[in-house]
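Enquirer: Found this in Swiss-Prot, in case it helps:
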{"type": "BINDING", "residues": "Asp10, Lys32, 59-68, Thr115, Arg175, Gln184, 204-205", "note": "substrate binding site"}
{"type": "ACT_SITE", "residues": "Lys61", "note": "active site, proton donor"}
Amino acid sequence: MTSPIYLAIDTPHLDAALTLAQKVRHHVGGLKLGLEFFCANGHHGVHEMAKLGLPIFLDLKLHDIPNTVAKAIQALRPLEPAILTVHAAGGRAMLEEAKAVAGKDTRVIAVTVLTSLDAPDLEDIGLTGTPHDQVVRLAALAREAGLDGIVCSGQEVKSARKAWPGGFFVVPGVRPANGRIGDQKRIVTPAQAMSDGASILVVGRPITQSSDPDLAAREIEATL
């Protein structure tokens with residue numbers, strides 16, 4: 001069985017990223033490459049990471065006018081990512097364009113509410129209601145726009161799964177029971193997230209900042 005854990009690679013250094021991924025490759029199901037990595041290493045870096053044989057989750061959280069996002073995704077198609085993220089807040093037309101131009105084997109996933117945000121943060125940017133309310137609303141939009149799923153915290157995934165049984169749900173910000181929270185605000189344990197309906201988990205610092213990343217990955221995997 002393939003592990004649902006995707007390792008978050010948050011470093012600009014390609015050599016360090018490759019070394020880390022090689023250490024844990026047998027205990028994770030894929031690699032999530034974010035803005036920091038992509039801005040430093042571009043297409044070349046993604047190709048190098050893909051040589052390890054793990055699915056690539058390209059987490060660029062694209063958010064712009066529909067035409068610009070569509071052209072950006074067309075430029076990314078040669079990378080053949082297994083998963084690609086866009087911001088749900090970009091609107092229906094942007095989401096529809098994103099899915100229309102993505103490769104047939106790429107899941108296009110909508111980011112709903114970042115796990116670093118809580119209700120006061122949403123109020124600061126003019127959004128009323130709770131993060132849960134916003135996630136449910138944006139999940140419905142993503143589904144209607146034809147996307148494959150959403151990114152949400154473990155606190156909302158149960159409701160999202162109930163409303164969208166066939167959706168693909170990415171849950172970041174998970175922390176082992178004894179793990180440090182850091183800058184995350186809406187967290188659950190990996191086991192709870194999977195029990196509530198997550199499709200895959202994004203795990204970064206609990207593995208990458210461990211003195212033994214492979215052991216950390218195995219310990220998290222053992223709880224699932």
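From the backbone N, Cα and C atoms, a Cβ is placed for every residue, glycine too.
Remember, it's a predicted structure, so these values are computed and weren't measured experimentally.
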Enquirer: Are there any residues at least 6 positions away along the chain from Pro66 (substrate binding site) with a Cβ closer than 8 Å to its Cβ? List them or say none.
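Expert: Sequence-distant Cβ neighbours: Gly90, Gly91, Ala93, Met94, Glu96, Glu97.
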Enquirer: Give the distance between the Cα atoms of Thr115 (substrate binding site) and the residue listed as 'active site, proton donor', rounded to the nearest whole Å.
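Expert: Thr115 (substrate binding site) to the residue listed as 'active site, proton donor', Cα-Cα distance: 13 Å.
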Enquirer: For Pro66 (substrate binding site), name the DSSP secondary structure in the helix/strand/coil scheme.
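Expert: For Pro66 (substrate binding site) - judged by DSSP and reduced to three states - the answer is helix.
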Enquirer: Give the distance between the Cα atoms of Gly204 (substrate binding site) and Lys61 (active site, proton donor), rounded to the nearest whole Å.
Expert: 17
Enquirer: What does DSSP call Thr115 (substrate binding site) in the simple three-state scheme?
Expert: coil
